[in-house]
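Peer 1: Sharing the feature lines straight out of TrEMBL:
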DOMAIN    B:10-179  domain 'FeoB-type G'
TRANSMEM  B:223-242  transmembrane segment
TRANSMEM  B:283-308  transmembrane segment
TRANSMEM  B:362-388  transmembrane segment
TRANSMEM  B:400-423  transmembrane segment
TRANSMEM  B:462-482  transmembrane segment
TRANSMEM  B:559-584  transmembrane segment
TRANSMEM  B:596-619  transmembrane segment
Amino acid sequence: MNPTLWSLKAGDRCEILGYDDALAEKYRIRLMEFGFHVGECVTCLQSPAFGAPKVYQVSNTIYSLDDEVATHVLVRTGSLRE
Amino acid sequence: MCWSGRAVCVSKIILIGSPNSGKSLLFNRLTGLSHKVANFPGITVDVGSGELQGLPGKRLVDFPGTYSLQAISAEEEVAVGYFEDALTDPEVEQVLCLIDATRLEKSLYFTLQIIRDCERHGKPVIVLANMIDILDKHGLELDVEGLAKALHTTVLPISGRTGKGVDTLISLLAQPAAAEREPRKHLIDTADAILRGEAHALAHRYGPKGDILVRTQTRLDSFFLHSLTGGVSFFAIMYLLFQSIFTWSAPAMDAVETALAWTADRVVPMLGNTVVADFTADALFSGIGAFLVFVPQIFVLTFIIGLLEDSGYMARAALICHKPLRFFGLTGKSFIPLLSGTACAIPAIYAARAIDSPRKRLLTYMAIPLMPCSARLPVYTLLIAAFIPAQTSMGGLLGWQGLAMFGIYFFGMFCGLLITGIVSRAAEDHYTDLPFVLELPPYRMPGLIPILRNSVNRAKHFVTKAGKIIFTVTVVIWVLGYFPNYGADLGESWLGYLGHIVEPVFAPMGLDWRYGVAIFTSFAAREVFVGTLGTIFGIEGADENMIPLVEHIQASDLALGSGLALLVFFAIALQCVSTVAILAKESASRSLTMKMFVGYFLLAYVAAVLVYQVTGWVVG
């Protein structure tokens with residue numbers, strides 16, 4: 001099973017592989033409008049305690065996503081392009 | 001279109017852009033108006049317009065921000081609907097599309113959609129690359145020429161904050177709009193999915209290189225969002241906010257009170273011993289004065305919240321509070337409205353505008369009236385002093401009265417959250433909802449002038465909108481309490497008569513007609529309860545010095561259960577005309593407001609009766 005954006009810890013970097021089917025189409029489109037495209041590199045900047053929303057950098061913008069959204073974004077970690 | 005009473009014909013210029021791209025600030029600079037400005041997405045929630053300074057006959061129309069023309073919330077649907085109407089409106093001669101030059105990626109997809117749709121309807125577009133001052137400050141560059149060539153339109157670097165590029169824009173707008181030309185077919189037919197990819201590529205090619213802005217933001221976030229320092233700084237900032245509401249506004253509130261008393265002392269004697277004098281003293285100066293006294297508090301609260309919003313901290317506070325509030329069907333963005341509600345529900349209801357999810361905004365509206373506002377404080381103080389012994393235990397560390405005050409404050413908050421938790425679970429499918437995706441804006445020094453202007457506007461709005469309703473209710477209550485015996489005896493007045501009629505309603509709480517009348521009048525504003533009881537017991541100035549009134553209540557043999565029932569009743573019931581009026585306006589739903597008013601009254605009543613009955617059973 002692929003890791004998701006929600007599984008990242010602070011400092012982790014990943015590449016977006018896609019979205020799972022449970023995420024409604026309009027939210028998938030909105031995430032892409034924000035820059036969360038397939039193939040894009042995303043960095044997790046903050047992973048606060050107690051399950052609070054995590055903070056991600058995509059391109060030069062910073063967003064906070066909670067688990068209701070981030071668990072549906074499939075990612076690949078490991079060696080990534082810069 | 002020629003506006004009636006004007007000699008000039010008016011053409012419209014549309015200002016559109018994504019949330020938090022600096023639209024309102026630029027709008028204010030171009031029109032000289034003072035729309036609310038903040039460093040927080042979703043501040044503009046309605047369409048505003050104003051005449052362009054130096055360009056008579058040209059009106060600038062400010063649209064709410066939206067991330068794309070594919071709306072996913074009610075607010076975005078409104079913005080997109082307005083834009084679609086504007087495209088077919090012959091008065092619209094120009095579209096200004098504002099992008100955030102520091103974060104090109106998030107703006108360009110929307111920009112391409114705007115350019116495409118404007119091409120379809122022959123409307124010329126100028127792209128304004130805002131926040132260019134920030135790029136200059138950090139030695140970063142936007143390839144304006146390259147971007148303009150790629151977009152086939154004018155791209156103008158601009159700064160709403162410093163005014164850079166504004167003169168160039170004004171001179172561009174002063175010229176006649178570009179003549180109609182052949183639409184670019186390839187763009188007109190481009191699908192959204194292709195535009196998304198194109199925007200991504202353009203941002204990478206022409207956007208500023210380097211991540212210095214993000215690195216600065218990240219350094220501050222690693223402090224403000226850290227599990228330990230983030231929590232400590234959050235509580236410290238909230239403590240300061242509370243202090244500002246109660247401490248900083250106190251001198252101004254005292255000044256308003258003193259000024260009103262000073263004026264009343266001079267005006268009322270001039271009117272002689274007449275009905276007009278009684279009306280002026282009791283209805284105008286006491287009634288309206290009790291409401292005007294809250295204006296400084298609203299000003300200070302709006303100012304501090306404005307500072308937090310404009311600095312970029314508000315988005316971080318929303319993030320920190322999101323998880324616990326989500327359990328009760330709310331969102332992190334509900335936090336500031338709920339916090340404001342502990343001072344006064346009115347600014348709290350205004351603050352809820354920033355919640356983008358309509359469902360969660362409605363739930364927040366439902367919780368706000370149950371937050372223990374400052375108007376409840378005199379009532380709680382009176383009842384606790386009358387019914388809870390001033391004893392301490394644990395060597396003076398634990399005071400029963402303090403514990404009771406804490407308990408009733410906590411009870412109100414808990415009820416608010418419990419209700420939203422239940423309603424959100426019961427009405428899960430009734431609204432479309434938005435997940436929590438929050439753009440964290442960069443930190444910046446707040447702009448004091450726009451925040452001050454907004455605070456003045458908010459205070460003015462409170463006086464003009466809520467004032468009318470409060471005045472009407474105050475006059476009605478005064479007339480009922482004054483006639484037919486000209487204020488000689490409240491018990492024999494129409495209000496007293498009404499009190500005897502409603503007495504059976506309050507009898508299950510162990511209360512007689514006097515308390516019924518006080519509860520009845522407190523529906524204008526909760527604190528009126530103390531003054532009315534003072535009048536009924538024949539005590540002057542009961543709201544300033546409660547001790548004689550406390551002694552009267554204790555001597556009246558009212559049961560402990562009745563005192564506790566009153567506390568519970570006041571914690572739940574929606575007894576504030578101003579709140580009801582503002583709630584109806586902001587929620588745009590009289591039906592919801594009426595349901596809340598009736599529902600909270602019934603809930604308060606049932607809970608109070610239960611408390612009275614159970615206390616009687618326990619105490620015996």
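Cβ coordinates are placed from backbone N, Cα and C, and glycine is handled just like the others.
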Peer 1: Any residues 6+ beyond the ends of the transmembrane segment (B:596-619) with a Cβ under 8 Å from its own?
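Peer 2: For the transmembrane segment (B:596-619), the sequence-distant neighbours (Cβ-Cβ under 8 Å, at least 6 residues beyond its ends) are 365-366, 369-370, 508-510, 559-562, 564-566, 568-574, 580, 583.
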Peer 1: Considering only Cβ pairs within less than 8 angstroms, which of the stretches B:223-242, B:362-388, B:400-423 has the most against the transmembrane segment (B:559-584)?
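Peer 2: Comparing B:223-242, B:362-388, B:400-423 against the transmembrane segment (B:559-584), the winner is B:362-388.
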Peer 1: Given a Cβ distance threshold of under 8 angstroms, which distant residues of the chain, six or more beyond its ends, lie next to the transmembrane segment (B:400-423)?
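Peer 2: Those are 327-330, 338, 342, 363-364, 366-372, 376, 380-381, 384-385, 388-393, 567-568, 571-572, in sequence order.
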Peer 1: What average pLDDT is reported by the model for the domain 'FeoB-type G' (B:10-179)?
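Peer 2: Average per-residue pLDDT within the domain 'FeoB-type G' (B:10-179): 85.
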